[in-house]
Amino acid sequence: MELITKVIPTPGTVYKPSDPFLAQVIENTRLTPKDSADDIHNIVLDLSRSEIAYLEGQSVGILPPGVDEDGKKHRVRLYSIASSRVGDDGTSKTVTLCVKRVVFTDEATGQEVRGVASNHICDAKVGEDLALTGPTGRKFLLPQDDQVNLIMVAVGTGIAPFRAFIKYIFHERGSWGGKISLFFGAKTGFETLYMNQENNDIGQYYTKETFQAFQALSRQEKTSTGERVYVQHKIAEQRESLWPGLKAGKSVVYLCGLKGMEAGVDKVFGSWAEQDGMDWEAYKEELKATGRWNVEVY
């Protein structure tokens with residue numbers, strides 16, 4: 001199987017944690033309804049004070065101010081870029097991030113724990129500066145060949161790079177020759193980021209000829225056996241559409257989101273391979289080695 005040639009990162013300055021740049025917040029809007037337990041924000045940053053250039057599928061780092069409990073500077077937190085290379089405003093001088101506010105209760109102490117970086121970003125006011133590093137990432141990129149099928153699987157804020165992909169493909173390029181299949185998992189329709197009443201950026205592309213999107217709403221849908229519906233269930237329904245291309249090496253798979261999603265998705269593809277007498281683990285290694293199986297989970 002031949003290596004898939006990915007797009008080449010644009011020449012530009014890569015900023016290290018030791019020498020970040022400041023980006024001003026120019027927009028901070030909530031993507032989920034106020035009564036949703038998930039507080040997720042769309043953040044747009046001004047890059048004009050930098051020489052950064054990025055591609056869809058790359059990430060930038062955020063350096064929170066202050067120090068941790070040991071007196072050391074906070075480490076960089078990476079966030080997938082949610083805008084195409086020209087930014088949402090088309091100037092190539094902005095970047096968009098999709099950030100979930102992390103708040104949870106420590107089971108041992110019973111105390112509330114707030115994620116340092118996510119709360120710093122979600123609380124940022126328009127006009128304030130954030131310290132950025134990057135861009136990083138050379139693998140989770142689009143193929144150069146637009147005849148390749150794209151299979152994109154996301155949960156939660158894992159939708160970010162796929163928003164960037166879709167915006168670049170249909171807004172900057174105008175089209176894509178291969179089939180594009182997006183599978184997105186959320187609790188309810190209100191949490192379908194960029195596809196809900198708060199922001200419908202991705203929904204506007206539903207009518208594109210080569211694009212199809214499938215939502216798995218775990219708190220609203222049930223399988224025939226009474227299980228909650230997750231992305232792997234939606235994928236399993238599309239065997240005839242997805243498997244022939246992947247089996248023939250004509251598709252590229254991208255997974256992004258919570259780590260727990262990977263096992264269920266892997267099981268579906270594995271069952272298809274087994275039906276055809278294939279060793280899935282061996283084939284998946286070949287897909288990885290040739291750039292056809294790309295995973296970014298956290």
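Note that Cβ sites are derived from N, Cα and C of the backbone, with glycine treated the same way.
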Listed alongside Ser80, Lys100, Thr157, Ser218, Arg219, Gly257, Leu258 for NADP(+) in TrEMBL, from Glu51, Glu128, Glu296, is Glu296
Determine the minimum-neighbour residue: among Lys100, Arg219, listed as binding-site residues, which Cβ has the fewest other Cβ atoms within 10 angstroms? Arg219
Cβ packing number for Ser80 (NADP(+) binding site), 10 Å threshold: 27
Provide the three-state secondary structure of Leu258 (NADP(+) binding site) computed with DSSP. coil
Let me make sure I understand the span of the NADP(+) site: among Ser80, Lys100, Thr157, Ser218, Arg219, Gly257, Leu258, Glu296, what is the greatest distance between any two Cα atoms, in Å? 26
To what whole number does the mean pLDDT across the domain 'FAD-binding FR-type' (18-142) round? 95
